[in-house]
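TrEMBL annotations:
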type    : residues         : note
DOMAIN  : 23-143           : domain 'MTTase N-terminal'
BINDING : C32, C68, C106   : [4Fe-4S] cluster 1 binding site
DOMAIN  : 170-402          : domain 'Radical SAM core'
BINDING : C184, C188, C191 : [4Fe-4S] cluster 2 binding site
DOMAIN  : 405-467          : domain 'TRAM'
Amino acid sequence: MTQATPTSLTRAGQPADAGTATKKVFVKTYGCQMNVYDSERMGDALSRDGYQPVDSVEAADLVLINTCHIREKAAEKVYSQLGRLAQLKKRRNSEGGDLMVAVAGCVAQAEGEEMIRRAPVVDVVIGPQTYHRLPGALAKARNGERVVETEFPTEDKFDRLPDASAGTIRTRGVTAFLTVQEGCDKFCTFCVVPYTRGAEVSRPVERIMSEAERLAAAGVREVTLLGQNVNAWHGQGSDGREWGLGELVHRLAAIEGIDRIRYTTSHPRDMDDALINAHRDLPELMPYLHLPVQSGSDRILKAMNRRHTAAEYIRLVERIRMARPDIALSGDFIVGFPGETDEDFEDTMRLIREVNYAAAFSFKYSIRPGTPGAGMDGQVDEAVKSERLTRLQALINEQTRDFGRQCVGKTADLLLEKPGRNTDQLVGRSPWLQPVIVDAKAGKIGDIVNMRIMQTGSNGLYAEPVETQSGNQGAISFDS
Ligand code: 5AD
Ligand code: SF4
């Protein structure tokens, strides 16, 4: 599963060498963390190609849009953006300049040649599996060719793209994403990912380990392992055995400097004992798990092809909580899947009450052309979907607030990530992924400080120094 986050803007890598960087690129990223990661890799490749990142379309020679297909009418929104870019290009041309436009991501993958036909402003259409070909595609485009790169190639894009590392490529602060797996073989009937991202592929152990080592050397202390089905990751280990994600996180935790590990997004069917036990045994593995269920109704789960029941999901949650009692769980929910009755929806509400989430993303079902759900009978009225979504979100918000309130009084190790809005504050991250605001005197960015959470606020939690340090520097201590 991809985790859809609100639209985010990502800047490509810092200039490798401002002296030689002459061309300017504006990168706009939509969708999941996987897209954020991919944009960074493309930004790195472009900075090697002499591109410097800029913050506005107006200042750019190249606009790269990394698109997401999870949202409704995704393609139409991209086309309307391209319409605006066509105006800008026309203006540029009339002034003797030029503008190049590249479209990447899942909408590019799904549209392919059609995108060039409908939006001649586009120079390059490039799918998620072919990003390593971007510099070559741009070179061809500069010679007036229109380039569409959307097949699923046999070579591994990660072998060709520069790794996230120190040196010529910008460092990314103290936290970083690391893609370990891509694609999906699950074919949930509502979802486009298996079509746009292709089959499940795991990156080999050595590649992941060396990227993590380079990240650690560049000052990264927390890595978030990414994959559409991250817990389906598997690979041949250095001991010759087949490893799963549980084994991999153990090896990553042993890297000097990597103090915190997270992973997203997981499918309930791929949550094996080794991974669950890693939550019990490995202090570096943060107590947060994004484990989408989508619905609490067995009938709807079946129609969605999720291949598990509500009871199986709840039993799984129990096993995970047995291993790591304080784990923060988050989920994804879809309301108004075809055929969903009031009773089905009440089953979802019941499951949410039973699980008690720390956070969740929730969506109204919307048709993705080409998926089995699109042709199903019993499409649900928009007003009914809206009403269900409002109720579901109210319940989740209540649970999120409760989760924050329960943290008050606890001490926790906070990774100080960035400056706060006020100059005398820093923002740290709790093990449970909450932003925590602390006094800047608490430490410097990159420090992990043990502090007491004092109160909840609209922007996150607030923490203060622990007056009487117990001497226990473990990942978390619940001393109240
Ligand atoms: N309609 C609504 N939500 C969807 N998602 C995926 N496809 C659809 C769709 N067609 C949601 C799922 C998934 C998340 C990333 O986006 O909840 O887990
Ligand atoms: Fe996740 Fe299902 Fe989509 Fe695969 S098909 S990415 S498991 S929602």
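All positions are counted from 1 along the displayed chain.
Each residue, glycine too, has its Cβ placed from N, Cα and C.
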Legend entry - binding-site residues close to ligand 1 - of C68, C106, C184, C188, only those whose C-beta is under 6 Å away: none
Inset, instruction - For the domain 'MTTase N-terminal' (23-143), jot down how many residues DSSP puts in helix, in strand and in coil. - result: 65 helix, 24 strand, 32 coil
Inset, instruction - Between C32 ([4Fe-4S] cluster 1 binding site) and C184 ([4Fe-4S] cluster 2 binding site), find the distance joining the two CA atoms and give it rounded to the nearest Å. - result: 15
Legend entry - Confidence summary (mean pLDDT) of the domain 'Radical SAM core' (170-402): 96
Legend entry - Residue distribution over DSSP helix, strand and coil in the domain 'TRAM' (405-467): 6 helix, 35 strand, 22 coil
Legend entry - Alpha-carbon distance [C106 ([4Fe-4S] cluster 1 binding site); C184 ([4Fe-4S] cluster 2 binding site)] in Å: 13
Legend entry - Sequence-distant neighbours of C188 ([4Fe-4S] cluster 2 binding site) in its chain (C-beta under 8 A, six or more apart): Q294, M304, N305, R306
Inset, instruction - Taking only the Cα atoms, work out how far C191 ([4Fe-4S] cluster 2 binding site) lies from C106 ([4Fe-4S] cluster 1 binding site), in Å, as a whole number. - result: 12
Legend entry - Surrounding CB atoms that lie within 10 Å of the CB of C106 ([4Fe-4S] cluster 1 binding site), all protein chains: 27
